[in-house]
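Participant: I grabbed these lines from TrEMBL:
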DOMAIN    268-361  domain 'Transglutaminase-like'
ACT_SITE  CYS276  active site
ACT_SITE  HIS335  active site
ACT_SITE  ASP358  active site
BINDING   ASN398, ASP400, GLU447, GLU452  Ca(2+) binding site
Amino acid sequence: MAGIRVIEVDWQRLRNGAAHHTQEYPSPELVVRRGQMFTITLELNRSLDSEETFIFTVETGPQPSEALRTKAVFQTSTSELEVGNAWSTVKEAQMENTLTISLASPPSAVIGRYLLSARVSSRRKHSDWKLGKFVLLFNPWCPEDAVFLASEEERQEYVLSDSGIIFRGVEKHIQAQGWNFGQFEEDILNICLSILDRSPSHQDDPATDTSRRHDPVYVTRAVSAMVNSNNDQGVVQGQWRRRYGSGTSPLHWRGSVAILHQWFKGRCKPVKYGQCWVFAGVMCTVLRCLGIATRVVSNFNSAHDTDGSLSVDKYVDSFGRTLEDLTKDSMWNFHVWNESWFARRDLGPFYNGWQVLDATPQEESEGVFRCGPASVAAIREGDVHLAHDGPFVFSEVNADYAAWLWNEDESRERVYSDTKKIGRCISTKAVGSDSRVDITGLYKYPEGSRKERQVYSKAVKKLFSVEASGRRARVHRAGGRGLWRDDLLEPATKPSVTGKFKVLEPPKLGHDLRLALCLANLTSRAQRVRVNLSGATILYTRRRVAEILHESHTLRLGPEEEKKIPVTISYSQYKEELTEDKKILLAAMCLVTKGEKLLVEKDITLEDFITIKVLGPAVVGEAVVVEVMVVNPLLERVEDCVLMVEGSGLLQGQLSITVPSLEPQERASVQFNITPSKSGPRQLQVDLVSPHFPDIKGFVIIHVAKAKS
């Protein structure tokens, strides 16, 4: 009898893809999820006889090893297949020269690209056959997998949705920006696996690194480091200095696909440039692609605490302008990171669930620019001592904010500021809709509540030890001065005058800004107040770019009297200095009799306008017209405007459409066709790009019907 040979392998991609929720991957290889069986059919040169049985080998990584669980050898069984702690297989059916078998991986298997081989156990000698390669991913549908997520609606949103929304702007004016994650686009899965292989840990010790890829804590921490380029051949290079000449402005990206393709095709040369929402968008793509439920989270008034004191100290001059050479900490208008859902078997079940991950290179963690995973539950309870990077994340959402007036003699005075300023409106996209969900309550107790202050004190005590002798830990600050630990818990004295900026007209790009500083005397005695006003265009990190306002006023406030100081900034004042972030910061240092000092600040984002409509039903394979209404925001004629269009499943790559010249404040309609290739909800992004003003961004969700049969 002739020796048995495998002639062909049917990987049953349609059947397995549907069962494993992987049918959207365009990979030429089978893609399945761990902890779940999959079925293949082998075509043989003859039928198996009774004494012959198949022995299979699966192996992953450059140095597969059974000891490291990157290799497994197992044979077919005739009993019912059960998912367990080891790889297994069972014979499902045998018909003449075909053999159908089901294989199952353990729910803790290493994820990655596997080689499947087979040989026959019998008295005759048979060769080993390399049957082919398949990709194994994390499995949020498997209850035994550490990444298991119980809600099907949330799995659809956080694993399978290939587009999303990133919230930007300022606390009082939150803006939604569409983002194309595109985890099912061509080559993206292969690129995501390559990111893991390019990590320094893999380059140093590939066998051990591969063996640790069963653990979502390890994998997400590695991805957090690799999405930025600070320590490795990471994907995106950060730039916060407005110097984008040798690359792409962070605001010009509309999704992750172009970035990942550019990195891979450029032989892993970092892509220029990114800022926080770009890092978060790319990391969301990678982790969803690998099978970990992930979402993008925006924190408004986000602290960057450089010394781990849980306090953000800002030094200002007599006009409220930040002294950047002294101010090492900062408070960004917003900061964007990720949350991924998995169990923390290293910490205990209380800390399971959402974990903070941040790929933006801000501070080193164990010598590498990365952040997390930090349990959201641990942050809420002040358990900042737990792995990983709890103090930094706690500060981002819950640090106390201290403003200091720096005098010419290098002395400083505490200025009243709001302890509730940090960590506002923590936001993410709602499941199944475009709405914004406020998840601040997951990170902290209500601001100013007794419980919130108790948690803050607990976090401080965990970080700063009090020696037995009673001496207190000292935190060093600007100019070599320091703060006693106890000082961090004491707010500045509340002044007898309150102040607030009020916007009198909507702040529109291309128009003058009209505001008023409203001051109120809280006492029954008259008071004299000197007000030093300043204004500057800023980046979203609140770094000043150029001063556009500098003036002083002195006024008398009668008992319990309120007065308004009008503030006007003309378009000509900010036109040349406005950044792509379209943000302006106003500050008023109020010097009250008896030495009281009050700092009032207002962050403004200039508004713009774009609308997108689909003129007819959207059906797979059929062209449909899209109409975009744009407005020239300026009081002058503009030319050389372009619409940049992108959307997974709606068009291939990017579309560039020339816009006719626009008269001052003119509205114009631009139409173009798209032909959807995938059904379901699809996100179309349209940006109006001009050399005369910052990009105006818009998006729309299009519900695409399946092709008519």
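Glycine too: its Cβ is placed from the backbone N, Cα and C atoms.
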Participant: Per residue, counting other C-beta atoms within 10 angstroms of the C-beta, which of the recorded positions ASP358, ASP400, GLU447, GLU452 reaches the highest number?
Facilitator: ASP358
Participant: What Cα-Cα separation, expressed in whole Å, is found between HIS335 (active site) and ASP400 (Ca(2+) binding site)?
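Facilitator: Their Cα atoms are separated by 17 Å.
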Participant: Tally every other Cβ atom lying within 10 Å of the Cβ atom of CYS276 (active site).
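Facilitator: Summing over all protein chains shown, CYS276 (active site) has 27 other Cβ atoms within 10 Å.
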Participant: Sequence gap of 6 or more, Cβ distance under 8 Å: name the residues on the same chain that satisfy this around ASN398 (Ca(2+) binding site), in order along the sequence.
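Facilitator: Long-range Cβ contacts: LEU310, ILE379, ILE422, GLY423, TYR443, LYS444, GLU452, VAL455, TYR456, ALA459.
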Participant: Restricting attention to the domain 'Transglutaminase-like' (268-361), give the mean pLDDT.
Facilitator: 95
Participant: Pop the Cα-Cα gap between ASP358 (active site) and ASP400 (Ca(2+) binding site) into the table, whole Å please.
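Facilitator: Given the Cα positions, ASP400 (Ca(2+) binding site) is 21 Å from ASP358 (active site).
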Participant: DSSP on the domain 'Transglutaminase-like' (268-361): how many residues come out helix, how many strand, how many coil?
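Facilitator: Split into helix, strand and coil, the domain 'Transglutaminase-like' (268-361) gives 18 helix, 40 strand, 36 coil.
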Participant: State the count of C-beta atoms found within 10 angstroms of the C-beta of HIS335 (active site), not counting that atom itself.
Facilitator: 26
Participant: Just to verify a number: CA distance, GLU447 (Ca(2+) binding site) to CYS276 (active site), in angstrom, no decimals.
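Facilitator: One finds 25 Å between the Cα atoms of these residues.
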Participant: How many Å separate the Cα atoms of ASP358 (active site) and CYS276 (active site)?
Facilitator: 9
